[in-house]
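> Below, the features straight out of TrEMBL:
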TRANSMEM  A:6-28  transmembrane segment
TRANSMEM  A:35-53  transmembrane segment
TRANSMEM  A:59-81  transmembrane segment
TRANSMEM  A:93-116  transmembrane segment
TRANSMEM  A:136-160  transmembrane segment
TRANSMEM  A:181-208  transmembrane segment
TRANSMEM  A:228-255  transmembrane segment
TRANSMEM  A:267-289  transmembrane segment
């Protein structure tokens with residue numbers, strides 16, 4: 001059964017990583033902890049569900065649509081809320097509190113539009129098919145989830161390392177002021193980052209919605225807590241950290257449920273997190289006050 | 001709520017038509033009409049409305065009409081307490097039906113009991129509900145009455161050797177269901193391969209189910225609410241688990257199969273009510289419910305419906321004085337003797353067996369129906 005549990009952990013961990021990636025990206029570039037990321041994750045899930053059930057869109061199109069919508073939402077949050085706060089040099093806590101408000105608004109809006117009950121993707125829209133490899137039950141859906149998560153992460157990595165855009169983003173992460181003096185369009189890249197981060201959050205929402213088949217207005221809240229834990233563990237603003245941290249949390253949760261007690265899942269995962277932070281207070285990849293992305 | 005001769009009541013009713021009438025019997029309904037337990041709460045409220053309409057159409061109780069004061073307790077403890085205080089002290093209702101979940105009943109029930117007001121649960125099956133005090137009543141058939149029969153029937157049908165258990169450990173309802181299951185499995189000497197838990201709001205059960213799969217049980221005993229149970233069934237089938245499920249009262253919702261589709265085939269569950277029960281009282285209830293609400297009733301609607309008829313039966317023998325405290329006391333004394341033949345079959349109360357030895361309230365004395373799930377539907381089990 002260990003193999004099966006490892007697969008469970010891999011699926012869960014890669015979605016955590018995908019979620020945390022957007023979260024940490026915004027922190028790395030904008031230096032804002034965007035607490036509406038959980039709600040945007042939830043919006044992604046509902047958007048895909050709506051596209052699938054109302055417009056009969058195929059799943060891949062619904063995923064794309066969900067990414068676009070949640071990305072746009074992230075962009076709006078940046079333009080309408082974070083930008084004015086930046087312009088006024090608001091203290092660090094202000095944007096964080098403002099994004100809590102955005103989260104509450106989005107959650108209430110979803111509740112108003114879709115109701116509080118648990119919604120699900122219609123059965124026929126899910127990728128069917130499952131096979132057995134060495135005693136492990138693998139659903140096509142799980143393969144798709146892990147593949148999509150890793151492909152998106154690989155794309156993001158490459159983009160950050162190899163493209164002009166990525167270099168510019170890393171420059172901003174070092175120092176927005178210096179980047180702006182070098183002629184980089186800092187505001188424009190803030191918008192791009194917000195869009196990409198929210199789109200990643202949105203697709204994570206679709207994947208979780210597909211895997212566990214339960215979409216509720218509150219689904220972003222536990223995810224937000226876990227995402228926060230992941231990026232603290234990985235080192236705030238560090239992309240590799242979000243990946244490793246996400247997988248770590250997924251594995252810690254599943255393995256402790258499997259081999260200790262199912263009541264202990266979160267306790268063990270967060271206990272380990274605490275221990276790691278005792279040894280490395282800046283997280284696995286964090287370098288205090290040196291660089292953020 | 002003054003008692004008056006019929007003619008005066010009629011005149012005053014005519015005089016102040018549209019205004020709350022003096023001869024109305026005000027009855028509080030506190031159910032979860034929104035939130036996670038709304039699927040139960042709304043069905044219960046419908047049952048009450050149907051019963052109240054019927055009783056009022058036949059001229060009320062000794063000429064007094066029933067007026068329901070309906071409040072939403074949102075399946076939250078704090079909200080339950082607020083609503084109870086409003087109904088008891090502000091609306092001055094004669095008695096309260098509700099709340100929907102055992103959790104809320106444990107919070108709000110003591111408020112009513114302390115105010116010497118009858119509180120009558122229709123859907124609260126947790127252990128110890130009627131330990132709260134002598135003013136607590138319920139017609140919810142308890143898990144401890146249903147589960148031994150459910151487990152024994154399933155064991156016989158599937159020739160079960162060993163079972164796995166999964167339950168929600170932070171919810172009064174699913175936890176107390178588990179406690180009863182545990183006791184029943186011990187009594188019936190059915191070995192348990194592994195016991196797994198989850199918490200409210202969990203949507204990922206794969207780690208627990210993989211563990212269950214590894215222990216290779218003949219069936220999975222599940223003390224869960226319908227939403228969670230449906231997800232557990234789907235994820236179990238996704239992991240290749242073929243064992244059938246045995247469920248508690250939380251399974252008694254059509255929602256279970258709306259969500260799980262055919263993943264729940266072969267599930268055994270016990271219920272105090274059966275929509276296929278051919279007794280005339282039940283047939284009349286099912287037909288009237290469909291006509292009024294345009295949907296199939298469920299167990300919770302049936303129990304709400306019966307509960308108001310039980311209260312009405314008791315109120316027939318009560319002379320209302322208009323003094324709210326005295327009337328509440330009189331109702332409390334009359335209620336234990338009430339019997340009806342309702343949608344859930346013949347009903348009577350029996351005194352609660354309290355753990356503390358203090359005087360407790362009153363529990364239902366009724367026999368359950370056993371179902372097996374076939375084609376995504378509850379089918380009355382026929383043992384032949």
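Placed from the backbone N, Cα and C atoms, the Cβ positions cover glycine too.
Quantities reported herein were computed from a predicted structural model and do not represent experimental measurements.
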> Verify whether three or more Cβ pairs under 8 angstroms connect the transmembrane segment (A:181-208) with the transmembrane segment (A:59-81), leaving out any pair fewer than 6 apart in sequence.
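As far as Cβ distances go (cut-off 8 Å, pairs 6 or more apart), the transmembrane segment (A:59-81) and the transmembrane segment (A:181-208) touch.
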> Check the transmembrane segment (A:93-116) against the transmembrane segment (A:136-160) for contact, please; criterion is three or more CB pairs under 8 Å, pairs 6 or more apart in sequence.
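No, these stretches are not in contact.
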> Near the transmembrane segment (A:228-255), which residues from the same chain, at least 6 beyond its ends, have a CB less than 8 A from one of its CBs?
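Distant Cβ neighbours of the transmembrane segment (A:228-255) are 5-6, 8-21, 23-25, 27-29, 33, 153, 156-157, 160, 173, 265-266, 268-270, 272-273, 276-277, 282-287, 292-293.
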> Would you mind listing the long-range same-chain contacts of the transmembrane segment (A:181-208), meaning Cβ under 8 Å and 6+ residues beyond its ends?
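Hits for the transmembrane segment (A:181-208): 15, 18-19, 21-23, 25-26, 29-30, 34, 37, 40-45, 47-48, 62-63, 66-75, 77-79, 82-83, 86, 145, 148-149, 152, 156, 165, 168-169, 171-172, 219-220, 223.
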